[in-house]
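Database features, via Swiss-Prot:
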type     : residues : note
DISULFID : C24-C41  : disulfide bond
DISULFID : C34-C62  : disulfide bond
DISULFID : C47-C51  : disulfide bond
DISULFID : C66-C77  : disulfide bond
DISULFID : C78-C83  : disulfide bond
SIGNAL   : 1-21     : signal peptide
Amino acid sequence: MKTLLLTLVVMTIVCLDLGYTLICFISSHDSVTCAPGENVCFLKSWCDAWCGSRGKKLSFGCAATCPRVNPGIDIECCSTDNCNPHPKLRP
């Protein structure tokens, strides 16, 4: 009986997800599971020389904290799964 109980306890621990992992977009359609300690999804946008004809450049990803904002760069941060979609694909 003790062996059965021990086996059930071990299986429960193995099957449980003991830590929450965040999922963030890394491109318009692809997402990844963030590394431990990366608790924020971000979407960074900025203009380059072709901004008028091609639109803003975009960078997606995971981070431990929201990246610093520099002049001319817009950053949006969030902390739920896939919360950083491409601006044109938002509901």
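Glycine residues also receive a Cβ, built from the backbone N, Cα and C atoms like all the rest.
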With C62 (disulfide bond) as reference and a Cα-Cα limit of 10 Å, the qualifying disulfide-bonded residues from C24, C41, C47, C51, C83 are C24, C41
Long-range Cβ list for C77 (disulfide bond), cut-off under 8 Å, min separation 6+ in sequence, same chain only, gives V40, C41, F42, A63, C66, P67
Whole-Å Cα distance, C78 (disulfide bond) to C51 (disulfide bond), is 25
Densest Cβ environment (other Cβ within 10 Å) across the disulfide-bonded residues C24, C47, C78 belongs to C24
Of the disulfide-bonded residues listed (C41, C51, C62, C66, C83), the greatest number of other CB atoms within 10 A surrounds the CB of C41
Students should find that the Cα atoms of C24 (disulfide bond) and C83 (disulfide bond) sit apart, in Å rounded to an integer, by 7
Argmin Cα dist to C34 (disulfide bond) over the disulfide-bonded residues C47, C51, C83 returns C83
